[in-house]
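Enquirer: Okay, so TrEMBL annotates it like this:
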REGION    1-37  region 'Disordered'
COMPBIAS  1-10  compositional bias 'Polar residues'
TRANSMEM  140-160  transmembrane segment
TRANSMEM  166-191  transmembrane segment
TRANSMEM  211-231  transmembrane segment
TRANSMEM  243-264  transmembrane segment
TRANSMEM  298-318  transmembrane segment
TRANSMEM  325-343  transmembrane segment
TRANSMEM  349-368  transmembrane segment
TRANSMEM  394-412  transmembrane segment
Amino acid sequence: MKHSELQSPLKSIKMRQRKNGSSIKHPNLSDAEAKSQKKSPYSLKDVFLTCLGFRMLNALLIQTYFNPDEHWQALEVAHRIAFGYGHLTWEWEEGIRSYLHPMMFALFYKLLALLRLDIPCVMIKAPRLLQSIFSAVGDLYLYKLSFVLFGDGVAKWALFSQLANWFMFFCFNRTFSNSLETTLTLVGLYYWPSVRSSLNKAPSGSRKWGLALAALACAIRPTSAVTWVYVGLLELYLTHDRLRFIFVELIPIGSVVLGITCLLDRLMYDSWVLVPLNFLKFNFLSSGGDYYGTHKWHWYFTQGFTVMVFTFLPFCVAGIIKSKYWKLSGLILWVLGLYSILGHKEFRFVLPVLPISLIFVGYSLAALDERGSRNGAKKRSSCICNKWPSRKQLAIFFLLASNIPMALYMSLIHQRGTEDAMNYLSKEAAKGKVKSIVFLMPCHATPYYSTLHNNLPMRFLDCTPNKGMPTESDRFMMDPVSFAVDFAKNWSHPSHIVLFDSEERHLKDFLISHSFREVRRFFHAHFKVDHDLQASVVVYAD
């Protein structure tokens, strides 16, 4: 969409409302925001380049491990497609994952190989740098969506909130399907007419783009349908051409995207697989996700989403109340409510609605000093105005002071040991110093071939769900010594063993008896997460 098209809805409103040299404010804008509308918006090119530079720096600063899916359901699969080796988890055997998302990284890996750039340092950093481009697109469309809804005054503060929020910094640049889903959600919402007010009508044909992006988001992650069912029902309620919407746009566009996705999965699985149906059966009908842990129904409201929004929460609530823009606030409540029904809950599942909540934060920040300016703040002496910071300045300082340390700690320090250990082994393998590796730790606790990038024998403890029977990973955690002794009877003696210090205490004698010595120790975490405190990751070699 052109910059002039973005300005046109607001310009037409101003022209209709301008009278005797003054203008009536937009119905969704405060007085202060209406005044800020008079200023020209920032160049969209400048906004994107600023966001891109920020997200690339963000990507380079992420050096910690968050969730196995970042590596095992995206990069590991892509590495197998591009280079012929890599591990596929049980989900791929059951056909509940689509190859659409990892294929994007597989093509990127192929490009790196063609340019002879598939070396350890590049293989480690490049995927998140690629993701930073998609994240910057998401940032841009958050700005554009905020602009068409509330004007430039809100848009710039919504963008500030997006860039300053600790969880967006920590998670958005990771190679989760949720990250790309979030970008597609922001772009898609911008093109949906039902999301906008009646005074800010979307350009002709934009709904088709919104439908295509919604279908693509659902193809990449079927649970994205939770978001788009709400938007689709809202569109169905508000539109005057319901039959056209259903039969000319929704069904044809959805069918084309689903067909392309099915053809890709047919090619990769070597058989016809309907991933959305398999995904629905496993996660919703059989509650298969509960195997990975469950939470109380209210977890997203009392802990999960609250932690993600963090210190922006009071500003978000204030923005929702003050703006009275129930379409988007209703979407947040809808998504959190439906995800609360599921037993298995994770922070990243509701990542797509976090930027939407930050739009309301932008509204609240833009309106902070409105009351003071209305009550004659200009009459105050300049010395008093300069001596004390404004409420907005205090709010910005509070948000930055609380979010920046959190973002840096979680991105640079907390749970970095498993990443550091694999980065070290990748460089050692490139020098020919690693022959084989065994991971005596909970399954999927480290990256794998996508980071090692060397076709060496590796073995981790399996954790494929097995109808209530304890897995290898479970048995190891229950009794590390007995498991290791039995395990060693059938192994091909590895050159390296990787384990957490919490298990090292129990296996010290076992390691010495098999002629292993400690070669490197990497700090991992200050506090426990799922198991006992795993303070460091230790690499042993024979």
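The backbone N, Cα and C atoms fix where each Cβ goes, glycine too.
Are these features on the surface or tucked inside, and what are their neighbours?
Expert: Tertiary proximity for the transmembrane segment (166-191) is limited to same-chain residues at least six positions away from its ends with a CB under 8 Å from its CB atoms, namely 55, 58-59, 62, 66-67, 69-71, 73-75, 101, 104-105, 127-128, 131-132, 134-135, 137-138, 141-142, 144-145, 148, 202, 206-207, 209-210, 213-214, 216-217, 220-221, 224, 227-228, 231, 307-310, 347-349, 351-352, 354-356, 358, 403-404, 406-407, 410-411.
Note on the transmembrane segment (298-318): residues 161, 165-167, 336, 339-340, 345-347, 350-351, 353-354, 357-358, 360-361, 364-365, 395, 398-399, 402-403, 406 of its chain, located 6 or more positions outside it, place their CB under 8 angstroms from a CB of the stretch.
Only residues 6 or more beyond the boundaries of the transmembrane segment (325-343), in the same chain, are considered here, and those with a CB under 8 A from a CB of the stretch are 28, 149-150, 194-195, 197, 226-227, 230-231, 234, 283-284, 287, 289-290, 294-295, 297-301, 305, 349-350, 352-353, 356-357, 359-360, 363.
Here the transmembrane segment (349-368) has Cβ contacts under 8 Å with residues 30, 32-33, 36, 138, 142, 145-146, 149-150, 153-162, 165, 167-168, 171-172, 176, 178-179, 181-182, 185-186, 189, 223-224, 227, 300, 304-305, 308-309, 312, 315-320, 322-323, 325, 328-329, 331-332, 335-336, 339, 390-392, 395-396 of the same chain, all six or more residues outside its ends.
Long-range contacts of the transmembrane segment (394-412) within the same chain, counting only residues at least 6 positions beyond its ends with a Cβ under 8 Å from a Cβ of the stretch, are 58, 61-64, 160-161, 164-166, 169-170, 310-312, 315, 365, 368.
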Enquirer: Near the transmembrane segment (211-231), which residues from the same chain, at least 6 beyond its ends, have a CB less than 8 A from one of its CBs?
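Expert: Distant contacts of the transmembrane segment (211-231): 98, 100-101, 177-178, 180-181, 184-185, 187-189, 191-192, 194-195, 249-250, 253-254, 256-258, 261, 275-276, 279-280, 283, 330-331, 334-335, 338-339, 349, 352-353.
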Enquirer: Sort out the residues at least 6 away from either end of the transmembrane segment (243-264), same chain, that have Cβ-Cβ distances under 8 Å to it, and list them.
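Expert: Same-chain residues near the transmembrane segment (243-264) but 6 or more away: 98-100, 103, 207-208, 211-212, 215-216, 219, 232, 235-236, 272-276.
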